[in-house]
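J.: When I checked TrEMBL for this same protein, it listed these features:
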DOMAIN    66-492  domain 'Major facilitator superfamily (MFS) profile'
TRANSMEM  132-151  transmembrane segment
TRANSMEM  157-182  transmembrane segment
TRANSMEM  194-216  transmembrane segment
TRANSMEM  228-248  transmembrane segment
TRANSMEM  332-359  transmembrane segment
TRANSMEM  371-389  transmembrane segment
TRANSMEM  401-420  transmembrane segment
TRANSMEM  432-452  transmembrane segment
TRANSMEM  464-486  transmembrane segment
REGION    502-525  region 'Disordered'
Amino acid sequence: MAASKSQEVDEPTSAYVIADGFAGAPELPVLEGDLPPNSTWKRHLWSSLDVDKDEARFLTKLDLCLISSAALGVMIRYLDQVNITNAFNSGMKEDLGLYGNELNYANAFWSAAYVIGQVPSNLILTRVSAPYYIAFLEFAWTIFTIATSGVKNTSQLYAIRFFVGLFEAGHFPAVMYVASSYYKPHELARRNTIIQVFTAVGPLFSGFLMAAVYASLNGRGNWPGWRWLYVICGLISFPCACWTIFAMPELPARIKPNWLYSAKDIEIAKRRMPGETKLFTGLFKWKDVLRWHQTWHVWLFPLFFLCNSQLSQPGGSMIFWVKSYNTATQTVFSVAAINIIPLGINFIQIAGALASSWVSDALPGSQRWPSMVFAAVMGIIFSIALGATPVHPPDRSSRWALYYLTALAGTSAGVTWTYVNETSRHDPEKRAYVSAMMNAFAYIFSAWVPIFTFPTQDQPYVTMGNYVTAGFGAVQLLVAFLIGYLDHLDRKRAKANFEIQKKQQADAESNRSDEKEINEKEASE
């Protein structure tokens, strides 16, 4: 009798063995349950539409709770990260006398702390309760965000930005790690991208929020609007952190029945992802780190991500460009307009990132590298175009459109995170390590490169920085092709290994059958 759909999922068997990068040594087998099933067109809309009822119910709970808490956490993190730029252009510059590169330095302190906190935070995550730890990070940076409202000088600003960066450091890798522990590869790209696009929703919300706060609270209690912005951001962050405690699931190795997930749900989760049931010690062994560094994943994904992180710099100049039309004698754009006009970049990035993930899943074999190539090409084209265009052209709309289109360079981040999780799925510790390295490398460069390429005191009259960004895009393009090629070789080698193992298994079974037949024949004689 033919197996039902649920039986096909419940009883996965070894499909093929993934070879680990340059080393060529076979890793753990990928199970058929981890591969896209023979499915209907519904899977292309959403994966939970094409599974059995119990699994669909479990996935719906995950989507509503895990994805919502992760997305809200990412939104408030980026809200609290970028609000300094909106505050700077809404009175903070003048009130604190920030007429040099102080904004660059404040961002550098944030980035330095962000880099320092990456790997230690991921180590802590694997040893403690994930929802409580992630919520703790959110509460901690919320407190420092509110404290920013009271800064009196640059020293206080730098110190507070350092601690905001330190607590924000582990958040994004942590939520991505939890998501990749519950979703199969063919389910992960769209979920990761939904979480990722909230990195654009945070800045988007910050712009509208600054405009609203300035209009309604500027001068209230003798406080300028930019100080109120930090208070309001903190008040928004607090309930999101509370939701994380209740909605973010524990890692599969530690989860127990609770108000949301029943024992049956947990059984489904562990059956779907058998490689995630190991209770990690949270400590990376030195021999493992050395082995990981013999693979291309540890080198190329961080290199790709650090290049990709620089491609947002040209678009970040737009808020300064809009403000530059105002002079001492003429106001062309209001404070609200200065904060709202650049938000078109975020809208385009959100739409582009979602489209990128759906296209990536629909490609044969759910290929990821084409989305990464597209983002790199867009970064090259529009960075060069901005560098070659007059800052104040006769037709203002031409440069306006170029700023908006720089958003297309940021559409591959969610797909890239999915690619990292897919290629290191067999080794959860390596997955955590590579994820931390990606973020760390990106922010190591973000801490100092913009000081030279896009110095605040020269904004928006920056030309060379756009060409340097195009150079980062060119490197990113080459790395994207190389990642795709090496992954292709790994899959090809893995398939060959599987064919050899299958033939050896068939030969062994044939030999056992022959021996059994001979033994039965001898016994009958």
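Glycine is no exception: its Cβ is also placed from the backbone N, Cα and C atoms.
Values in this document were obtained by computation on a predicted structure and should not be read as measured data.
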J.: Using Cβ distances below 8 Å and needing 3 or more such pairs, separated by at least 6 in sequence, tell me whether the transmembrane segment (332-359) contacts the transmembrane segment (371-389).
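T.: The answer is yes, given that the two segments have at least 3 Cβ pairs within the 8 Å cut-off.
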J.: Counting Cβ pairs under 8 Å that sit 6 or more residues apart, are there three or more between the transmembrane segment (157-182) and the transmembrane segment (432-452)?
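T.: These two stretches do touch.
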J.: Three or more CB pairs closer than 8 Å, sequence separation of 6 or more: does that hold for the transmembrane segment (371-389) against the transmembrane segment (464-486)?
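T.: The answer is yes, given that the two segments have at least 3 Cβ pairs within the 8 Å cut-off.
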J.: What counts of helix, strand and coil residues does DSSP assign across the region 'Disordered' (502-525)?
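T.: Grouping H, G, I as helix and E, B as strand yields 23 helix, 0 strand, 1 coil.
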J.: Could you check whether the transmembrane segment (228-248) packs against the transmembrane segment (464-486) - three or more CB pairs closer than 8 Å, residues at least 6 apart in sequence?
T.: no
J.: Would you kindly check 132-151, 401-420, 432-452 and say which stretch has the most C-beta pairs under 8 angstroms to the transmembrane segment (194-216)?
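T.: Stretch with the highest Cβ contact count: 401-420.
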J.: Give, as a single whole number between 0 and 100, the mean pLDDT over the domain 'Major facilitator superfamily (MFS) profile' (66-492).
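T.: Taking every residue in the domain 'Major facilitator superfamily (MFS) profile' (66-492) and averaging pLDDT yields 85.
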